[in-house]
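Enquirer: One structure, as C-alpha cells, below. Some questions next.
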Amino acid sequence: MDELLAAATVVCLPMRVRFRGITTREVLLLRGPAGWGEFGPFPEYDDREAVSWLRSAIECAWQGPPPSQRSQVPVNATVPAVDAARVPEILARFPGARTAKVKVAEQGQSLADDLARVAAVREHVEHVRVDANGGWSVAEAATALTALTADGELQYAEQPCASVPELVELRRRLTGRGVRIAADESIRRAEDPMRVVRAGAADVAVVKVAPLGGMRALLRLSEELAAHGVPVVVSSALDTVVGIGAGLAAAAALPDLEFACGLGTGSLFEADVAAPRPLRDGVLAATLVDPDPERLAQLQAPGERTDWWLARLTRCHGLLGGH
Ligand SMILES: O=C(O)CCC(=O)C1=CC=C[C@@H](O)[C@@H]1C(=O)O
Ligand SMILES: [Mg+2]
C-alpha cells in the first residue's frame, strides 16, 4: 500500500462539453516499474465496483501491455448529447473518423432532439451508432430506433434499455428490422458479463479495459465473446492519455478488429496530462504515453479531492485480495 500511495497523483481534467453529466474528469494516476496506470472509477461507483479499475491500473503500471498484432487502431467520433447545431464543431475534433457514436435518450431531451442530432451527424460520416445508456423503456426504444433508422442505417444501438430482459424483448420486437443491439453497461457493470450474451440479448459487445479489470481480462472476455459469435468494440471510460494507451494496447492485441473503437474521447478534454496522440485519418497510433510533469502539476486536483482519491485507493486496495 505504501508503494501505491507513493506512486499516486490525482488530476482533474476540464472537458470541452458536458458528457455523461460531468464537466471535469478526475482520475488517480499510478507510476510503476512498467509505466503508468489509471484508476478513474466514476465518483458514484462503490468500492466493490471500483476494485476492477484498480486491478487494471496495477496491471498497466506493474506489468505493461500484452503483445500487439497491429500498430494502429481506427476510432469513432463521440458526439455528446449536444444541440444539432454544435455537431460540426464536435466532429471537427475527430479528423478523418468515418464512424460516429451519438449519445441519445439524454434526460430532459426529446426524441426530436435525438433525430436532429443524428441527422446532422449523418451528413458528415459513413457509419452512425447511437448510445442510449439504458435510458429507454422497451416501447420507447422500439419507437426511437424505428424513427432513427427511417432515413439511414444504424451500425448498432448501444444499451438502448437498462436490463437484460428488456434487451431480449427489444431484440425480439426488432426482428427483421436490421438494428443490431450492443451491450455496454450490461457488460461493464455486470457481475457476469457473459449473461447478456447467453440470454441472446446482444449482437455486439462494448468492452472497456478498466471496468473489466485490465487489458488481459478484456482479451480473455473477447475470446469468449468471439466463440459466441459476438464481436467487440473496445472503448474508453473517458480516460486520460494514460488510460487511452491501455485501451489502444488491448485493441491492438485483439486478433480481429471489426469496428472502430471508442477511444477518441481525448478530443473531449480541454487539457490532458500529455500531448494527445494525433488523430489522423480516423486512426490513432497504439502507443503508450507518459504524463508530462509540467501538465501533471498544472492539472493536479485540489487537496481535498486528492485526499478523497487516496482514501478510495486505500479502501480498494484492501478489497483486492478478495477476488
Ligand atoms: O464509446 C465511445 O465513443 C466513447 C466512450 C463513451 O461513450 C463512454 C465513456 C465513459 C462513460 C460512458 O458513459 C460512455 C458510454 O456509455 O459508452
Ligand atoms: Mg455506452
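Cβ atoms here come from the backbone N, Cα and C positions, even for glycine.
Because TrEMBL annotations are produced automatically, they should be read as predictions rather than curated entries.
These numbers come from a predicted model, not from an experiment.
If you look up TrEMBL, you'll see K103 marked as active site, proton donor. Annotated active site, proton acceptor per TrEMBL: K208, in sequence order. The annotation Mg(2+) binding site is assigned in TrEMBL to D131, E158, D184. Look at TrEMBL and you will find 84-177 tagged as domain 'Mandelate racemase/muconate lactonizing enzyme C-terminal'.
Any idea what these are sitting next to in the structure?
Expert: Within the same chain, residues at least six positions away from K103 (active site, proton donor) with a Cβ under 8 Å of its Cβ are F19, T78, V79, P80, A81, V130, D131, N133.
According to DSSP, K208 (active site, proton acceptor) is assigned to a strand segment. Long-range Cβ proximity for K208 (active site, proton acceptor), meaning a same-chain Cβ under 8 A and a gap of 6 or more residues, is found for R188, L218, V234, S235, S236, A237, G247.
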Enquirer: Give the sequence-ordered set of same-chain residues, not counting D131, E158, D184, with Cβ within 8 Å of the centre of the Cβ atoms defining the Mg(2+) site.
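Expert: Here the nearby residues are K101, R129, V130, A132, N133, A157, Q159, A182, A183, E185, V206.
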Enquirer: What is the three-state DSSP composition of the domain 'Mandelate racemase/muconate lactonizing enzyme C-terminal' (84-177), stated as helix, strand and coil residue counts?
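Expert: Taking the domain 'Mandelate racemase/muconate lactonizing enzyme C-terminal' (84-177) as a whole: 41 helix, 14 strand, 39 coil.
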Enquirer: Suppose we screen the recorded positions D131, E158, K208 by Cβ distance to ligand 2 with a cut-off under 6 Å; which survive, in sequence order?
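Expert: Listed by sequence, the hits are D131, E158.
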Enquirer: Out of the recorded positions I have (K103, D184, K208), which ones have their Cβ sitting under 6 Å from ligand 1?
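Expert: The recorded positions passing the 6 Å Cβ test are D184.
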Enquirer: Near E158 (Mg(2+) binding site), which residues of its own chain have a C-beta under 8 A away, given they sit six or more steps off in sequence?
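Expert: Correct list: K101, R129, V130, D131, A132, N133, A182, A183, D184, V206.
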